[in-house]
């Protein structure tokens, strides 16, 4: 039995994930924080809609204005970007990866056979906390443990650094030319030479080795780890180079939502990928738009005369799932707190225990965000989060309330929530029953919302499984094609 104990990282709710920037080859971005007030004003997004999409365009315009009024980027998600220092640059073809700058939890040195560590990875003791640590004339770390490197440096006599894609609390990600593979460009995650980050990286490596060996051709769309090595105490993981994250595409498209046909294609791939994890007795635990990356994020731009603006439309909706550092096997120790706030399932908030269904809840949240351009659970407070759920999905089931240890959220088996408080008014103003978020009431939109509603079932035992989701009528058009 696996019982690798995880230590809770103090910045759990303020973490960025390893996936989104870490594999990205092109578009360095300004960090999402209180100090960041610009929203890529230079971007010229594209979308193309048919008349049958009803009032999609008008509703999207209203959603966009409402969304910006909420200062979503600066106020609702900035805490997931602490330590992230991206920079903007442009190239002919956009591609992207995500930085995972702090792990939700780190496994201890006890591990199962599946996670048996590779013997060739040398172990390094904790190093002194000097302002600048030097091991040799050419190998230096800064005061935080980041490897000091620059364009032109070569790792392992093979990977020539082209540029830094981003930095985070965990380390940095660089784009490299792989001289051992005919000059192919790759993304290399260079983890800080700090014990907890090395352990987190090795944990991710073990999961990736398992998944990549089980699915060597990436049929199930988990990011491919090409290799890993130790560079003077820094764990370095080499990944394929991918495109923008789905979150960044939305952001750079002025938070316009995806077309429903694209949502269908992306949703099917996500369900297939995470179902593959579930069949391998794994739960991802940190699914969100930042951790879903496009293989190529190329797009076409067209002018929308109705909205009087340029909009972007994807050329290819192929995706990969990234960030397996928090993935947990069924028989491992399960940390009490998992998932990024906006995508956290009710059983996690209520400390009722969790397993694979928490991933399904996260996917439901992701799909509604793809549809609207913003997340419906915009909060950092657990009680407010539960109030939003009740406003959107109806009352929390009594049996879940009675079982939870989180009694502080309830009074007489009802959510202890004042609808007339400022927070109560905020929730009432911003949230509404799920179906009222529909932008069009044609059959395909109805099918999507039926799928989302089944994914957002409170009781994890009643929540749709991904095997069942893949058979949902929303995906019938894909099967016909």
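The first residue you see is number 1, and the count goes up from there.
Cβ coordinates are placed from backbone N, Cα and C, and glycine is handled just like the others.
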Looking at phosphoserine as annotated by Swiss-Prot, pick the matching residue from 26, 108, 136.
136
Which of these ranges is annotated region 'Disordered' in Swiss-Prot: 1-46, 47-92?
1-46
Stretch carrying region 'Disordered' according to Swiss-Prot (options 102-143, 144-185):
102-143
Recorded positions compared (167, 286) - the one with the fewest other Cβ atoms within 10 Å:
167
Longest CA-CA distance among 165, 166, 167, 168, 169, 170, 171, 172, 173, 189, per record bound to ATP, angstrom:
14
When DSSP is mapped onto helix/strand/coil, what comes out for residue 286 (active site, proton acceptor)?
coil
By the count of other Cβ atoms within 10 Å, pick out the sparsest of the binding-site residues 165, 169, 171, 173.
169
Separation of alpha carbons, residue 286 (active site, proton acceptor) and residue 167 (ATP binding site) (Å):
20
Cα distance (Å, whole number) from residue 286 (active site, proton acceptor) to residue 169 (ATP binding site):
17
